[in-house]
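Per TrEMBL, the features are:
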| type | residues | note |
| --- | --- | --- |
| DOMAIN | A:22-150 | domain 'Tripartite ATP-independent periplasmic transporters DctQ component' |
| TRANSMEM | A:12-33 | transmembrane segment |
| TRANSMEM | A:45-62 | transmembrane segment |
| TRANSMEM | A:83-104 | transmembrane segment |
| TRANSMEM | A:124-142 | transmembrane segment |
Amino acid sequence: MFIKLLERIQLTIGVLFLLVFFVTIIIQVTTRYMGISAIWTGEVATYSFIWSVFMGASVMLNRREHFKFDLLLNKLKGKSKKSLYLINDLILLVFTFALFYFGIVVVESFWNFTWTSLPQMKMGYVWISIPIMGGTMVIYTLNHLIQNIKNFSGEEAVK
Amino acid sequence: MIGLLLTGVFIVLMVIGIPIAFVIGIVSLIGFMNIPYIPEALVPVKMLNGLDSFVLLAVPLFILAANLMNSGQISQKLIDFALSIVGHIRGGLAHANILVSMLFAGVSGAAQADTAGVGKILIPNMKKQGYDTETAVGITAASSTIGVIIPPSIPMIIFAGLTNVSVGALFLVGIIPGVLVGVAMMILVYILAVKREYPTYQRASLKNFMKKFLDTIPALMTPIILIGGIVAGIFTATEAAAFASIYTVIVGMFYYKTLKLKDFPKILVDTLTLSSLSLFALAAASALGELMSYYQLSSWVEQFFANNIDSKWIFLLIIIAFFLFVGAFMDAIPAMILFIPVILPVANSFGVSPTLLGIITIMTLAIGLVTPPYGLCLLLAAKIGKLPIERSFSAVIPYIAIVFVVLLVVAFIPGIAMYVPELISPDLF
Amino acid sequence: GCGDRVTGGSGEDGKIKIIAAHNQTSPENPYQYGMKEFKRVAEEKSNGNIEVEVHAGTLGTSESELVQKLKLGGADVVLVSPGFMSKTGIKEIDLFAMPYVFESYDHWEKVVDGKVGDKVAKMINKKSDNDFKLLGYWSAGVRHYYGKKPLHSIEDIEGMKLRTQTSGAIADYWEATGAVPTAVAWGELYQALQQGVVDASENSYPYFVQQNHHKTENGKYITETAHDYTTRFLLINGNKFDSYTEEQQDVIMEAAQAAVEKERKVVKKQEEEYKQKAIEDGAEVNQIDRQPFIELAKPIQNQRAKEINTMDLLKQIRELK
Ligand code: NA
Ligand code: NA
């Protein structure tokens, strides 16, 4: 339940940022033709875009839809398939935790840097998308691991 | 040493089924751990910076446009129109499959959207008409590679961003090669169709044809407005992509009335999830590219070519062979992020123009879309046709061979690809 | 080669490797001459005790990325412009980016090589918590207007879409002139000028002529507005610097001094060369009465200086004219 809810929230945030950046680009073209300066549009669009990509990437990890080469996974059956999934998830867990951990290091270092066109905005608001992505990826991967261990003697591997 | 180690890790992780984007990220993390005094935190730093580019905003926008076309059944209109033109030739549905990919390519920047949208309609249709599944899958997969050769094209936008070449120029360069690939494929289909006695589709009456044509005009206008707008400087590539989406919404909602407000949440979610896949891979590739910069790989490659290769033609053949290999394992975007900065200075020293390098790279990597293990269009088409990858790949080989021949022609007779751009906009070159 | 170990601090044998980076990819750029001079002097004077690896755009073509790396430890010596320094929270630096703060190279040199320069260097070090230590002031030349028509008076700029830096004070100034400041990435500017996405831009000769902007439809009329005698900060990571031996520190300072002299000399030389090249290529150059531009700038300078608490600094700069 919690995982479902988390995924839903994250997907909604991603879509909202997608909409923000879409609208911002429309504003940019329109204002340029009207001869109005809207220099902030570039940064707002790019940073919303970054947020939406990172949120989407995390959701897709939960759904196991990142492109992979699955010839070996498909060849294996039963316990050996589950074991391979366990190994993969452990590796992913280490990497996503590294993203989370180093993401926090980065947020701490750059929190007070400011945007160029909107100096009242902190760069921290952009950088924090990394530990949020990393952290949710850790949660999703842990969930995969737990589900897999629970069902280890069951019939099919949990995808 | 470390280079070999990292390559080994890369291969092992890929084979055991870790997603490619994560393989790239893990390898760069290990690489950075091996360099003392360079912090590992550079991995996330570079991932974010890799996305911090206005040009990249075009990627989700073009995917949005393609999704809108599929949801709004504009793809179906294009198929009907294509059928009314080539349906009556022997192998009609197969010809239409190729022609519609060329039309679709003029609006869409990615090939996958074409495979998915057109494949879902045409693969079952072709099977019903008596084509064997191999042919249906092979033609669908192979012809959708035209999507990234005929402009607009997401890989071209990425390439332009990496090399400071004008996107408009690269778009123009893609037109003739893209059309050539399509026509050559149709010739092959015709030969096979006669030999294997493929069915024909009933010939459309002139009245029916005109009706289909008029009906399709709003959809056909999109590429003209898009390319025209970019070349004439009315908007940048990113803005053009936004415009394509709005235009498709207007056409779909108010002209065809096939697009409904309730479709939008799903379209947006699909756009987000699909584009975040390639863009996350791009972000990870940026980190790996950074690692290669610290190892000064580009100067090493430059020296290798300077000391060993003195022919421009051999250089181009090496580039083609290299990207054929890389493209089999990796998406076009990360492949370019990683290797174009390394190759570009060498290309300059051989006097290969960046636009020519661009079209060669993009055509070669387009072949990678249908070569296993990691050919996205092949995987998609095989899934739709419920055909094992190995059999899908053998079905696609004759058509890849055609793309390859056109690629060689374009590489070694640059005048062909450059004809349209030099005609329309000589000052760009 | 691939097997080399890359090091960025002092190893067991006391040898150090310094990773120096700037954001310009052209080997002809003045930055590259400056960095190479830094490398040459540092390596020679240290008898191989210091190794310098110069990255010309390969560690990032954006300055914000270089600043991030300087702080985190991915690069040891980088070159940064005032706009990006102020993004790190040192707002006072904005003063150096304001149009018409400096009236000539002489004035600029008096400022940066004198008391004001010392003060600013200390401020950078203090405000960044020793993350950044100033090694010297470089120049990216004097910036002029170039666009689709020449300027004969300040009114001529009314309504023109001008590509400029997007930091607050600079954008404010150009808005005050009547221009429409527009954000375009440096790499996309050639195309934007060619296609008419923007009407004009502003930069110094070596920079825009090397990019062929003067050959575009909207870049071939150059008016010498000289609105910005630019300042670039050559920075080293202060914490790393402190970890070096005294001898190494002396050598680095000496190399930095040599690099400063070299870079400034090359900029001035290239400004002449590239101005001539622009004219030979068919661009047209004209002079303009700068007084109205200067008058317009003063109240904006004052206001910004008050906002960032640098009124005294601004006064000292003006007194050196
Ligand atoms: Na296309
Ligand atoms: Na097709």
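In case you wondered, yes, glycine gets a Cβ from its N, Cα and C as well.
Broken down by DSSP into helix, strand and coil, the domain 'Tripartite ATP-independent periplasmic transporters DctQ component' (A:22-150) contains 99 helix, 2 strand, 28 coil. Among residues of the same chain six or more beyond the transmembrane segment (A:83-104), those with a C-beta under 8 A of the stretch's C-beta atoms are 61, 72-73, 76, 127-128, 130-135, 137-138, 141-142, 144-145, 148-149, 157-159.
For the transmembrane segment (A:124-142), same-chain residues at least 6 beyond its ends with a Cβ under 8 Å from one of its own Cβ atoms are 3, 6-7, 10, 47, 50-51, 54-55, 57-58, 61-62, 89, 92-93, 96-101, 103-104, 106-107, 110-113. Mean pLDDT of the predicted structure over the domain 'Tripartite ATP-independent periplasmic transporters DctQ component' (A:22-150): 93.
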